[in-house]
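Okay, so here's the structure we're looking at.
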Amino acid sequence: MKKVVVGLSGGVDSSTAAAILHNQGYEVIGLTLWLMKGKGQCCSEGMIDAAYICEQLGIPHEVVDMRDVFQTHIVDYLVTGYGAGITPLPCSQCNKTVKFGPMVQYASEKLGCDRIATGHYARIRYDEATGRYQLLRAVDRNKDQSYFLYDLSQDLLAASLFPLGEMEKADTRRIATEHGLKTADKPESQDLCLVESNGSMRAFLDKYIAPKKGDIVDTAGKVLGQHDGVHHYTIGQRKGLGIAAPEPLYVVELDAVHNKVVVGDRTKATQEECTVNRVNWVSIAEPSTPIRAAVQIRYRSAPEPVTVIPLENSRVRLVFDEPQFSITPGQAAVWYDGNKVLGGGIIEQFSK
């Protein structure tokens, strides 16, 4: 019998993925990662629901303590980034370093299993012509999570299954209901796990970064107001600046060194190109010449036509056909050919 370890968060998606694979004849082992430090996190609602689902399905349930890894790779990563004036994207980092990598290792070393599965909405396809595993958008475009999975290596893609990739979200709920799963009607998470457990990103960051007052200035250096911490702002932000101006002003730069928030009109927050580092080429090998693609510079943004120019040291330059508003350092840029993820990386801070 084929064996698979399913990552269970306690939500409907991962629960249904486990049920589907169980029905397909897999020997399924549920695995929950204990991520958060703090009182009550060892018996959080998600962990309790995951255990209940395993009991319903009659499968084993393992819990792995990943709190120190999560602290290093996610909490410290976020705090360092925000403190330096960037807006990190924790989810892609978490998928690679906290979830998929450790899950594959644990499954292999502790459970004698070479396949894992999750409830992500994405698809994996092996291309015999190139010998590469390709990452594709999910059938349900509205739920597609390929943007957050761009950093998975070929080895991790080869070991992973996404049972929900060919399904609509409504089908997931229906299957969960048909199986009588406790999580069938469970609401979806609406924010980052850290935000949900702390109330807001501001509250989370203020636990680690002491608010420090400074100037809000325009691009000419004129003081327009005061802020209470650079880490409370992000590129492109308009609301909550607390300044009066005859025209809309947006955050165009976060100067953590001089503790300044720089604002300007919309044109100042618009760029024709950017550079990206820590690039991972997914469905194709790294090209030696520029390629055409469609890029997303944030999760819910529409793909925009772009020329991807390879640089040295796992970097690329993105030249947009049309100038883009609010390109945010620290966020992921992921480029596609249709539904196929070609590659992605982290947007760099702009050089002056």
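Note that Cβ sites are derived from N, Cα and C of the backbone, with glycine treated the same way.
Cross-referencing Leu33, Leu135, Leu136 against the ATP binding annotation in Swiss-Prot, which names Gly7, Leu8, Ser9, Gly10, Gly11, Val12, Asp13, Ser14, Gly119, picks out Leu33. Binding-site extent for ATP: residues Gly7, Leu8, Ser9, Gly10, Gly11, Val12, Asp13, Ser14, Leu33, Gly119, maximum pairwise Cα distance 16 Å (rounded to the nearest whole number). Residue environment of Ser9 (ATP binding site) contains 21 other Cβ atoms, counted within 10 Å of its Cβ in all protein chains.
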